[in-house]
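Following: one structure in structure tokens, then a few remarks.
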Amino acid sequence: MKMKAKWLPIAAGVTAALASQAAFAVDFHGYFRSGVGVSTDGSMQTGLSDNAKQKVGRLGNEADTYGEIQLGSEVFNKDGKTFYVDSMVAMTSNGSNDWESTESKFQCTSANGTALDGCENKEDATFALRQFNVQAKGLLGFAPEATLWAGKRYYQRHDVHISDFYYWNISGRGAGIEGIQAGPGKVSFAWVRNDRSGTNVDGTYNDEMNVNTLDLRYAGIPLWQDGSLEVGVDYAIANPSDAQKDSANAQYKNAKDGVMLTAELTQGILGGFNKTVLQYGTEGYSKTFAFWGDRSWYGAEAKDGADGFRIINHGVIPMGNSWEMGHQLVYGVGNDMWDTNDKWETMSVVARPMYKWDDFNKTIFEGGYFKDKNKSTNGTSEEDAGYKLTLAQAWSAGSSFWARPEIRVFASYLAQDKKEMKGNAFNNGTADDTWNFGVQAEAWW
């Protein structure tokens, strides 16, 4: 009897917890990728270019461990009014050790333990709070279907999966009204803070400058069978402090507001989709298009009068019963972004065909090519270019292109065609090509 009495409080606690769980259900979502790999010179090398995987594809070109854990719950539901609390924590690391923490580790130190010049602070892992927000429905009499939200959140992100390229993404801390029915489509409005860490053209760093973005979108406009349109405008407000305005730093004194226009046409094809995106921007948005920005940052330091545009085509299309193809085409331009810059062009082509052997076994190919060109005001030009070829064998929970979890064994070859700006990209600056071999798992739920 004593043993039974001893366990009664524990049993009661477990019962209460289970009852609470049933009454207060928690939605559990997440994403992760991780694995192991080597190159012909040590660990995997993915530095073909800045934003390399966005330019030549991510398959066999990711050396990190990255994960997101999302927990959310509807905490109130009465008379057609609901409140939902959402949260997400993310972690990233290079995956080099078993125990990975945020402890600071300098790559090289002096005898007394201080960092020497030229040494980097190497943290094993970085953790971040990505989302924490409240979303409420049924509160607005003029639009009961709309969502009123505030906090930190992923906000209507548009991306190309095969390259992990986000081209329309103002995620951050903010507030807004989402999904107001207006004619055939829905209107959303948001105010989000996207501060700019001050980066001069010469590479020095300064205090962050406050930047606020106003985002207006009209989505779900039907055009024809399986065709729809989304349009939007983003207005970035550069908001330097009085001290920054009075400083000698020209990037703060001359920072200008910018406007970005986006139109995205979506067409359903054979059970897949194709998207064509047109974007135009002024001032700091010129850097967004030249340097593969997603709009979560605004290049406030750009020279007065800068502008740019970007054209994107991407999608995933079935080709018969056994093949599916993912693709990306990107062309971006930034004009007059700093005193010596006339025009910066970037282009990318990525294709990922996949053959399904059965419901769980597939072979994947991925090829990507990019070219960057910087034309100066004196008429001279510099170019970087390169490519990646990947072959992978994969096992996944289903035959679809999107089936996950998935485990892949891969081999990738990366090489530079031109290296006038970057120089040799591999083997500590001594080689212009490399091989990567590895195994990676990816999952979302």
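From the backbone N, Cα and C atoms, a Cβ is placed for every residue, glycine too.
Under the heading signal peptide, Swiss-Prot lists 1-25. Per Swiss-Prot, the feature site 'Greasy slide, important in sugar transport' maps to TYR31, TYR66, TRP99, PHE273, TRP402, TRP444. Taken from Swiss-Prot, the feature site 'Important in sugar transport' covers TYR166.
Shown on the structure are the features that Swiss-Prot records.
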{"residue": "TYR31", "record": "site 'Greasy slide, important in sugar transport'", "Cβ contacts under 8 Å, 6 or more apart": "TYR66, GLY67, GLU68, ALA443, TRP444, TRP445"}
{"residue": "TRP99", "record": "site 'Greasy slide, important in sugar transport'", "Cβ contacts under 8 Å, 6 or more apart": "ASP124"}
{"residue": "TYR166", "record": "site 'Important in sugar transport'", "Cβ contacts under 8 Å, 6 or more apart": "ARG157, HIS158, ASP159, ASP294, SER296"}
{"residue": "PHE273", "record": "site 'Greasy slide, important in sugar transport'", "Cβ contacts under 8 Å, 6 or more apart": "THR266, GLN267, GLY315, VAL316, ILE317"}
{"residue": "TRP402", "record": "site 'Greasy slide, important in sugar transport'", "Cβ contacts under 8 Å, 6 or more apart": "VAL316"}
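In this structure, TYR31 (site 'Greasy slide, important in sugar transport') is part of a beta strand by DSSP. Fewest Cβ neighbours within 10 Å among the recorded sites TYR66, TRP444: this applies to TRP444.
According to DSSP, TRP99 (site 'Greasy slide, important in sugar transport') is assigned to coil rather than to any helix or strand.
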